[in-house]
Amino acid sequence: MKALVKRETNKGIWLEQVPVPTPGPNEVLIKLEKTAICGTDLHIYLWDEWSQRTIKPGLTIGHEFVGRVAELGSAVTGYQVGQRVSAEGHIVCGHCRNCRGGRPHLCPNTMGIGVNVNGAFAEYMVMPASNLWPIPDQIPSELAAFFDPYGNAAHCALEFDVIGEDVLITGAGPIGIIAAGICKHIGARNVVVTDVNDFRLKLAADMGATRVVNVSKTSLKDVMADLHMEGFDVGLEMSGNPRAFNDMLDCMYHGGKIAMLGIMPRGAGCDWDKIIFKGLTVQGIYGRKMYETWYKMTQLVLSGFPLHKVLTHQLPIDDFQKGFDLMEAGKAGKVVLSWN
C-alpha cells in the first residue's frame, strides 16, 4: 500500500510502498479516505530539533484522518465493516492511576499515532477499537478528517467558562482559528486573536473573531482601549512563542485564566510576578478529553458550528508535496489529502 514515510534524517517526506498492517484481536483495520496535515507533521517534515529527538526514521506519519472499517479484530464488537470512523490519536495504557481514575488524556504512557507508532498517512492503518469515534452521516469526511486538531481547540476553548467573557487567543494557526470560532459560537463577548500572519488572521476573522491583530503592526494595548477593556478574562495560548505568552500575561485581568496548548522552547522565561500578583490560573492542555471532548465537538458541528471555514485546500495524495509547501509557507488553514 502507499504511505507517507519519514525515511531519511533530513527535510522531506517520502511516498513509499509498505505492507498492509494486520489488526490484532482488539484492533480494527481502517481504509483511509482522507487525512489532514498537522503542524506536528510539518515539524517532522522539516526535521527540527523536536523531531530529531522523537521520531525514528521509517515511521509512517499522520494522525488526523477519517476512513471506513475494513476488518475487525477477533474480539471487537460494536462496529461494522464499512462504518465511517475517525479515532483518538493518543493510545493510552488503560492501567495507570489516571486511566483508571477516568483521566486517560493524562496517561503518562501515551503513545501517539504518527509519532510513536505508524500513523494515518497511508491507504490502511490499524487502531485499537476503543479509540474509534463513529462519524454521523451529517458530517462530511473533509471535516471529520481534522477532528483531532479541532478537538485540541475544543479542549482549550471549553476548559474555562467563556460565556460573556473577553478572550485573548495568541497564535492563529488552525487550532487558534477554530478556538476563536468556538468561543464566539458559545457566547464569548470579545474574542481577540493575535499573530503576524495576515492570511491566517483573515481566517480567524472569518471564523468570528471580534478583532484580529497583527502584532508586528498594531499594539494589542491599543486594541484593548478601542474595545474599552481593562484586561482579558480568559487566554488561550496557541503560538508557543514566549513573547506572545508574556504579552498575554501583561494583558490578563486579575484572576484571569489561561489554557496553554502551544509548546514553548526549552528554557523560555516568563514574568512570574504577573502570574502571582494577578492571581492567574495557568492550565496546560494536551490532546482531548476522552471522550467528552469528542462528544462536544461533534455536537457543535451538528448544531451549526462553521468548521468548514478553516478548510482551505483539498488535494489528492500524490500532490502531498504541495500541501506541505503551503503549510511551510503559512498560506493555508487546514490541508486535507484524499486517498480515493
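Heads up, the Cβ atoms here are built off N, Cα and C, so glycines get one too.
Small disclaimer: the values here were computed from a predicted structure and weren't measured.
Record note: Swiss-Prot gives Asp195, Arg200, Leu261, Gly262, Ile263, Ile285, Tyr286 as NAD(+)-binding, and the candidate from Ile163, Ile175, Ile317 in that site is Ile175. Of the listed candidates (Cys38, Cys93), Swiss-Prot assigns Cys38 to the same Zn(2+) 1 site as His63, Glu64.
DSSP assigns Asp195 (NAD(+) binding site) to a strand in the three-state reduction.
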